[in-house]
Amino acid sequence: MMLGCQSYGSRELGQERFQSSLMQTHVFPPSPSKLLHKPPVRAGVFLGFSLHNHNPSNRQHHYYTGQNLEILVNSHTQKQNSSGGTRVFAGFKVQSHSKTLAFPTKVSSLNGNKKKRYGGVLPSILRSLESNDDVEKILVEFGANLSPKEQTVILKEQRNWERVVRVFEWFKSQKEYVPNVIHYNVVLRALGRAQKWDELRLQWIEMAKTGVFPTNNTYGMLVDVYGKAGLVKEAVLWIKHMRVRGIFPDEVTMSTVVRVLKDGGEYDRADRFYKDWCMGRIELDLDSMVDGSGSEPVSFKHFLSTELFRTGGRIPGSRSLTSSLESESSIRKPRLTSTYNTLIDMYGKAGRLEDAANVFGEMLKSGVAMDTITFNTMIFTCGSHGHLAEAEALLAKMEERRISPDTKTYNIFLSLYAEVGDIDKSLECYRKIRDVGLYPDLVTHRAVLHVLCQRNMVRDVEIVIEDMEKSGVRIDEHSVPGVVKMYVDNGLLDHAKLFVEKCQKDGGFLSKTYVAIIDVYAEKGLWVEAEAVFFGKRDLVGKKWNVMEYNVMVKAYGKAKLYDKALSLFKGMRNHGAWPDECTYNSLIQMFSKGDLVDRAVDLLSEMQGMGLKPNCLTFSALIACYARLGQLSEAVGVYQKMLSTGVKPNEVVYGALVNGFAESGKVEEALKYFQRMEESGISANQIVLTSLIKAYGKAGCLEAATLLYDRMRGFKGGPDIVASNSMINLYAVLGMVSEAKSVFEDLRKEGLADEVSFATMMNLYKSTGMFDDAVRVAEEMKESGLVKDCASFTMVMACYAASGQLRKCGELLHEMVTRKLLPDSWTFKVLFTVLKKGGLSIEAVAQLESSYQEGKPYSRQAVITSVFSVVGMHDLALEFCKVFAKEDLKLDSFAYNVAIYVYGAAGKIDKALNMSLKMHDDDLEPDVVTYINLVGCYGKAGMVEGVKRIYSQLKSAEIEQNESLYRAIIDAYKSANRPDLANLASQEMKFVLDSEQYAGSETGDEFDESFSETESS
C-alpha cells in the first residue's frame, strides 16, 4: 500500500546504483604489475582502435557499428623497421578467453592525495590560521610582505568561504596590494561551492570595478561551481557572457562545459558544444533548457547571473579581440587526457558507444596518454551496456600498458558482475582489492553490502561488516536500510534491531535514513518495530522528526490498519514542529478510504483543500471507490464532480470505480454513461472496466450486450481475464444455459485459469439443474486442483456432496477443515444441518442443535460437528470430539448431553451413553423428547427391552408428550431388540394416536391399553 506518497524504501538509499560514485576516481601511478592469468588476445578488432602504439600517419579508419560493438578497421600494411617486416592491424578485438578474470597481484600503494608542503613562512601562518579564529590578528602578525603567490596559497587553504572572504578583505586593505584575477578566482570558487550567490555577485562587481578582467580560468571555474550546484542553464550562460567579452573557451573550459551538460543529462547539447568548439565556433541554444529552479521561467540564480552579465565590458584592446578571432577561425583538437575521459564518459552515458569508441581511438591516434580514469571509464561504458567480456579484456590491456587499476576499477567490476548475477566474481573483486595492496573505500563497502543483502546472504554480510569493524571503518548509513531489510526478510527481527542500535550510537542517522528503515518495517506490516525506530529517534539529543518520518510512520499504521493510531500521530505533528504536507493528507485519505472510514476521509479532504493543498488523482479515486463499495453512489459522483472542479483529471481507476459501483447496483445506464465519458476523455477501456460492464449487463440479464463485450475482450493481449470469464459463466448459469457456461469454463480449464469462483459457479449450475454427477465431478476436480483452501470453498464442495447424498464425503471435508483450523461459518453450519437431516437425525434433535447454535450457547458448535461425524459413520472422530462432554467438572446444557448420548449409543458404547444420562440427572436437568429418543435407541441396540417399555409406558400415560419421532424410535428399538411383535403393536398405537383427535379418556382407549398390556406381559 503506497498510501499516496512516494515510497521511502531502502532501495532509494541503500540499494541505489553506484555509477556516479564508481566513476569518481583518482589516478594511481603506473606500476609494473603482472597478471595472475594473462589471457590471450586474438588479433581482430574492437571499438575501432588499437591499444598498441603504432604510427597512425598512413592509416585510414573506416568505422562500422555492429550488434556486437565490433567496429572494423582496415589498415594498410606497414614496415616496422629494416630488421623484419611484420603485418600489423590498426585494431583488434579485445576479448578475454580465460574463464578467470586476470587481476594484478600488486599495485602501487602510493597515495596521490598527499598534503602539499610549503616552505618559508607559509607553514607557520597556515598553522596559526587553522588554530585561531582571529584571522586579522594572525595576518597582521605574519602577513606583511607576502608575495602574490603566497597570498594565493593562504586563500586556497582556508577551510570555509567565510574565512576566505575575511583573508581576502585583509589583503585588499593593505596599501601595497595589487588586485589580480587569480585571487578573485579563488574567492569566487569558494563562494560558488558554498552556493553563496549574493556574495559571489558582490565580488564579481568589485572585480570589474577594480579593473580585473576574467580569464578562461575564471569562466571555467564559474561553469564548474554553477554546474555542481545543479544550475546547468546558469552555468552555460557564463559561456555566453564569455563570448560577449570576446574570449574563446580554451580546452579546460570546453571540457568543463561538456562535463556540466553531461551531468545534467544534456548529452546532445554537450556533443554539439564539443564539435562546435573543434570547428572554432561556439553556438548556444539555451531556450529549450530546463531552468535550474524548476518550472519558473526565470529562477533567482538566473536573475543574479543576468545581473552579473551587465557588469563590466569587453576586454579593451584590439590585440585580445584579434587573438579571439584567430581562435574562433582555427580548427582544434583536444590534447588533455581529462578531456578525452569526459567525452568517453559522456558518450557512454548517452548510449552512443560508437562515438565513445571513436574518441578512444582518436586518443590513441593523437598520442594522448591514457590513465586509470580512461580505462575505468571505458570499462564501465562497455560493462554497463552488456559487453562484459570487452570490459575484462580492457583490464588486461590496462595492465599491458603498465597502468595500475585502482580501487574504483575493482568497484566497477564488482558492480558489473553483481548486475549479471555472478556473485562469486563480484566477491572475488572485493577480496582482490586488499590482495593487490589497495584498500576498499566507501563505494566498495556500499556495493558489496548491496550485492549480498539483495540475495539475503546473511552470513556473508556479517563477515563483511566484521571485516570493516576490524579495519576501523564505519558502516555507511546508506547501507543500513539494506542490511535491515535483509534481516527483516529473513525473519531476524532481533538482529535488525541490534544492528540499528549499534549503527546509530554515534549520534543517529540522517532523516532520510530513518525514513528508509521505518519503511522496511512498514512494508512488512511490522508497526511495533517501525514505531520503536520512530520514537527511538526522540531519545537522541537534538533529533526531531520531520514530515517525511511522520508520513512513513502513518504508512506503517495504515498497513497494519491501525487507523486511530495514524490519526493520533497526525494530530500531534504540529506540536512537534512538523507540518503535514500533501503526502500526509493523501496518505491518510487513501488509508481511511480503503478502510471504509469514509467520514474521516471526507473531513481530511476538506481540511486539506482548506490549507491550499491539492489532492492527487489517487486520493480522489480511493474516496470514490470507497463510496462505490458502500453503495453510496450519489456521494461517489459528488467527489467525481469535485475532482473535475479542482482541475484533477480522472484516470481509468476513477472511471473504473464508478462503472463498477453502478454495475454492482444493476444500474446499467449509469455505468454506460461513465464508460462513455472515459472513452471521450481519450482513456482506453481496460479489462477491469469492461469486466465491470459485463457484470452490469449480467445483473440486468442483457446477454447480447455482455457477449459482445466479452468477444471484444478476446482481442486483448491474453484474452478476457478470470473475472470477466466468471461473470459470463454466472450470467449463463442464471439463464440456465448449461452448454454455453460449460464452454467458457472448459476454456478456462485448458488455460489453467479456472479459480474457485469458476468451479463453484459450475457446481451450483449443475446442482440446480439436477446434474448431480457433473456437480460432483467438478467438486472432485476442484479439490484436486488445490482450490479448496478456505471456508467458503470447503462449504461449496460440501454442499455439492450433501445435495448428491454423499454424506461421508461431507464428513471428510469437515474433518479436513477442522485439521486446517478453518472455523466453519454460518453457511457451513447451514450445510451441516442439512447433512444431519439427511443422515437420519430426528427433526427434534436437529431443531434443538439449530436453536442452540443460533443462541450461541457454549459447546453448540462442537455439538453440531460431533453429531455430523456420528451421523456419517465416522465414529472414532465423533468419540474423540465427545470427550469434552464427559468431563466431570463441566456443566452442560441438555442439547450437549443429548449429543453425547446419541454419539455413544451410535458407536455401541451403551454404558457411556447411560452414564451421560445419569450425569444429566445429577445436574438436575430433566430429560426432553430428544433425550428419550436417544435413550430408546441405546436400549434397543443393547436388547434392553424393559428400558424401551418403560419409556413407551411413559409416552402412553402422557408423562411424555406425544411425539411421532419418539414413537418411531420405539418401533426401531423393538426391532433392534428382535421383538417384531412389540414393534408391530407400537406401530398400531402410533397410527391410532396420530389419527385420533382425542386419545386420553376414551373407553376404547382403555380397552386397547389393557389388551396391549397383556401382550407386553406375555
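Cβ atoms here come from the backbone N, Cα and C positions, even for glycine.
Sequence annotations record features per position, and here TrEMBL assigns domain 'PROP1-like PPR' to 553-669. As annotated by TrEMBL, repeat 'PPR' applies to 180-214, 215-249, 336-370, 371-405, 441-475, 546-580, 616-650, 651-685, 686-720, 721-751, 755-789, 790-824 (among others).
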**OP:** Sort out the residues at least 6 away from either end of the repeat 'PPR' (721-751), same chain, that have Cβ-Cβ distances under 8 Å to it, and list them.
**Re:** 687-688, 690-691, 694-695, 697-698, 701, 703, 706-707, 710, 713, 757-758, 761-762, 764-766, 768-769, 771
Subject >> Remote residues contacting the repeat 'PPR' (755-789) - C-beta distance under 8 A, at least 6 residues beyond either end >> reply: 722, 725-726, 729-730, 732-733, 736, 738, 741-742, 745, 748, 796-797, 799-801, 803-804, 806, 813
Original post:
Which whole number is the mean pLDDT over the repeat 'PPR' (651-685)?
Top reply: 85
Subject >> Residue counts (helix, strand, coil, in that order) that DSSP gives for the repeat 'PPR' (790-824) >> reply: 26 helix, 0 strand, 9 coil
Original post:
What counts of helix, strand and coil residues does DSSP assign across the repeat 'PPR' (215-249)?
Top reply: 26 helix, 0 strand, 9 coil
Subject >> DSSP helix/strand/coil residue counts for the repeat 'PPR' (336-370) >> reply: 26 helix, 0 strand, 9 coil
